[in-house]
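Structure first, then comments.
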Amino acid sequence: MNDTSFENCIKCTVCTTACPVSRVNPGYPGPKQAGPDGERLRLKDGALYDEALKYCINCKRCEVACPSDVKIGDIIQRARAKYDTTRPSLRNFVLSHTDLMGSVSTPFAPIVNTATSLKPVRQLLDAALKIDHRRTLPKYSFGTFRRWYRSVAAQQAQYKDQVAFFHGCFVNYNHPQLGKDLIKVLNAMGTGVQLLSKEKCCGVPLIANGFTDKARKQAITNVESIREAVGVKGIPVIATSSTCTFALRDEYPEVLNVDNKGLRDHIELATRWLWRKLDEGKTLPLKPLPLKVVYHTPCHMEKMGWTLYTLELLRNIPGLELTVLDSQCCGIAGTYGFKKENYPTSQAIGAPLFRQIEESGADLVVTDCETCKWQIEMSTSLRCEHPITLLAQALA
């Protein structure tokens, strides 16, 4: 990103109007002041860095709204990485090192899940680490997706058409069933699924919590693996997570300065890739699924402009009654909503969405983002699933 791109700002403040945090937290100066205006000051003197930038949730809604295409969110994230001299806390280490925590927790998932659901344990985490006791903590799977995949790797290799799956931390450590659902859907379309030779967390939690150098190292590892899949094997890379997809495509070059040139156009969200294949003439044997569902658009999905592909894909399911929520950010913003100081802001941001869901009369909520799923299931009475899971359920 050009460090002088803030000069394109015309001071219209439409970004502040679109900002979920500005609406509920008066302590945040807003994206215009935190981004373009603040950058002018920071370039003169780094001591003018404002700690309030930590309230930015990196939702990118300011960038979607900006008529001058100023990369406001990127400016803020880069400023935090460059000027914030605060040493990351143990809490931020625990929340951001998802590969480490997942590797340690999955072998003991039943014990870990039981412990973290106990009120005394959550009170202890609140007091010791400032992880808010009101936040429901994600559950771990007993065994990883990558380990399970070994049992089907030979079978997947038999398909003529292949894709590489960037599964991300959520599928690997928390919800392997989503990865299994994707394989089921792709196999039904005549496509086999490979995994990248090496995969690390996409880096978004690390960026958000002050571990930018670690995020950059992991990004380099992922880019090398993606380059092997795309350049050597000649197959595309798809992901089920909207945030992982966005990071691989856009955050790597814009925030981490990791070159993904020649790869970006070969990295796609699974729903978009599937829609394109159906549009090209491929078919899926889908049976009726008589459900009333509402779709929540994740922030990074909004930024990529790919919501329509997921919606059109879901409309291929017979009997499915689909309504798109008039929703903004759900408020969790990855690790942001787990932090004690952010919990009230997180829930206030999501409150309009929660009301819409409760008043919808729907059977189910659908979204492409795993942390949105956690927030919705904690804050409403409905279950939330990924679009791929609905497709898998509808397969005849």
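For all residues, glycine too, the Cβ spot is worked out from N, Cα and C.
Computed from a predicted structure; not experimentally measured.
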| Given that Swiss-Prot lists C9, C12, C15 as binding [4Fe-4S] cluster 1, which residue among C59, C66, C169 does it place in the same site? | C66
| Based on Cα coordinates, which of the following binding-site residues are within 10 Å of C15 ([4Fe-4S] cluster 1 binding site): C56, C59, C62? | C62
| request: Excluding C19, C56, C59, C62, please set out which residues of the same chain place their CB within 8 Å of the center of the CB atoms of the [4Fe-4S] cluster 2 site, keeping sequence order. | output: C15, A18, P20, V21, S22, P31, I57, N58, K60, R61, I72, G73, I76
| query | In whole Å, how far is C9 ([4Fe-4S] cluster 1 binding site) from C59 ([4Fe-4S] cluster 2 binding site) when you measure between their Cα atoms? | reply | 19
| remark: binding-site residues C9, C12, C66 vs C19 ([4Fe-4S] cluster 2 binding site), shortest C-alpha separation belongs to C66
| Confidence summary (mean pLDDT) of the domain '4Fe-4S ferredoxin-type 2' (45-76) | 91
| Inter-residue C-alpha distance, C66 ([4Fe-4S] cluster 1 binding site) and C56 ([4Fe-4S] cluster 2 binding site) (nearest angstrom) | 16
